[in-house]
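The structure appears below as structure tokens.
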Amino acid sequence: MTERQEFEATDIAASTDPKFVAPERKVFMRTYGCQMNVYDSNRMTDVLGPQGYTATENLEDADLVILNTCHIREKAAEKVYSELGRIRKVKEARALDGKDMMIGVAGCVAQAEGEEISRRAPIVDMVFGPQSYHRLPKILAEAATGKTVIETEFDIDAKFEHLSAQAAQPERKRAPAAFLTVQEGCDKFCTFCVVPYTRGAEVSRSVEQIVTEAGQMAAGGVREITLLGQNVNGWHGKAPDGSTWGLGRLVRRLSEIEGLDRLRYTTSHPRDMDDELIDAHRDLKTLMPYLHLPVQSGSDKILAAMNRKHTRDEYFRLIDRIRDASPDIALSCDFIVGFPGETDQDFQDTMDLIRRVEFGSAFSFKYSQRPGTPGATMTDQVPEDVKSARLAELQALVANQQTAFNASRMGMTCDVLFERKGRNTGQIVGKSPWLQPVPVDGPDSLIGTIQPVEITGIGSNSLFGRLVAGHHASVSSTDAIKEAVFDA
Ligand code: SAH
Ligand code: SF4
Ligand code: F3S
């Protein structure tokens, strides 16, 4: 053990002493994959703060590097190893200056590959899965003794209990829009997907935990919360009276929180889209008119082989019910092309589904064989060039639909929550109700507020607009409503 490592082991242990002041250190965190990893990375930063760590964007300055990884497709997983190669060089350069660098691999690759990671990349000091982030101080202390730490236990309840407490810093200034994980893991076992293996069985957080965390976020300046779960509309949490609520009820409860003007949720499974949640889209102004509802394929044969547990007709009927409740809703989707056994006709069924539904946007992927999933060993794998051609065809159709959806917003005035400065000076950027970025000319003081914007142009993703004159007050919409009532 080096002297520096010894020093680290003791000072981490000492950090439970209230008089203890941790030495300043820098952590470089890189996040891959879904929004849940973004939420987790933020919670890891919360846990590391009291250990003396502040974030750096500069790898060369980092005393600690954490890669929060994604295992969903082969390319995502392989990125980790190329990144570790780059990090090794920086670590070696730092060592010449007598500086140490601890390296941790977190997230879904850590969960799926465990020890294999440190075998392939011996510079890695710690491998820890998504359920162990609350134990980070202990993991760091152990790694500082020179031992390679591998932590891949499933204990989601403990994770949330501890991370919530860490996040409870009401005085902390927060971004106007933030994620809140309400459900983790998945019991659906789609035959292409690693998530049930990397995140474990479905666990829903309780109403009380979620309402408390959302309240703290709102008190810290968060105006929009996106509720996260791998299967978020399957959330069923315990309420204080002992009953079990569904997501529709939860969203209603969260809408009552002072200062919380906007709610979203992602990702939903078509099977779990119940009436209560659909009604919430009709009834609640806070629930934004945007829904990401992956269907993956438009062919009943492929849907069955994927174990998606619904047919294309059921999906169409569901979309009709959602549009009845919220005619203006922007629908988004995920598609996989080239699942084993997908014929040209199956693919054309998917294209037909897209034409019929008309999406506001969509993500699409070439099927990737994932070790340990049933799809990986299916015969009839589709050749790579066929997958590429189908993906290009599908993406062209979706791009047209996205442009059409955005064009239909031209001339409308809509509320925009401003989140950050734009690339050009004097520009700020926010999000429309339908989730497109909206850059406008306006003062920084409007960041964190919701303002009406007239849409004057469209880009491939963005809507361009201008602030509607006379509405530039730097207040939240709740404050604005209170003021209006007071004036009357
Ligand atoms: N829980 C979400 C999404 C999980 S992963 C859901 O059920 O919709 C996000 C997307 O990645 C999936 O919707 C799917 O389109 C894609 N995906 C998952 N596994 C994949 C694989 N093996 N190959 C290609 N795309 C995949
Ligand atoms: Fe994966 Fe299917 Fe679960 Fe989504 S619902 S996380 S695609 S297994
Ligand atoms: Fe990737 Fe894990 Fe999310 S595999 S998509 S980071 S749940």
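Cβ coordinates come from backbone N, Cα and C, glycine included.
As recorded in TrEMBL:
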type	residues	note
BINDING	C34, C70, C108	[4Fe-4S] cluster 1 binding site
BINDING	C186, C190, C193	[4Fe-4S] cluster 2 binding site
DOMAIN	25-145	domain 'MTTase N-terminal'
DOMAIN	172-404	domain 'Radical SAM core'
DOMAIN	407-469	domain 'TRAM'
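Feature annotations (TrEMBL) mapped to structure.
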residue	record	contacts (Cβ under 8 Å, 6+ apart)
C34	[4Fe-4S] cluster 1 binding site	C70, I72, Q230, T267
C108	[4Fe-4S] cluster 1 binding site	G33, N37, T69, C70, H71, I72, G129, P130, V194, V195, T198, R199
C186	[4Fe-4S] cluster 2 binding site	C193, V195, P196, R199, A201, E202, Q230, N231
C190	[4Fe-4S] cluster 2 binding site	Q296, M306, N307, R308
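The residues of the domain 'MTTase N-terminal' (25-145), classed with DSSP into helix (H, G, I), strand (E, B) and coil, number 67 helix, 24 strand, 30 coil. Under DSSP, C186 ([4Fe-4S] cluster 2 binding site) is assigned to coil, being neither helix nor strand in the three-state scheme. For the domain 'Radical SAM core' (172-404), the model's pLDDT averages out at 97.
Sequence-ordered, the extra residues of this chain that approach the [4Fe-4S] cluster 2 site, with Cβ no more than 8 Å from the Cβ center of C186, C190, C193, are K188, F189, F192, V194, V195, P196, Q230. Ligand 3 lies under 6 Å from the Cβ of none of the binding-site residues C186, C190, C193. Under 6 Å, Cβ to nearest atom of ligand 1: this is the test, and of the binding-site residues C70, C108, C193 it is passed by C193.
Residues from the binding-site residues list (C70, C108, C186, C193) with a C-beta closer than 6 Å to any atom of ligand 2: C186, C193.
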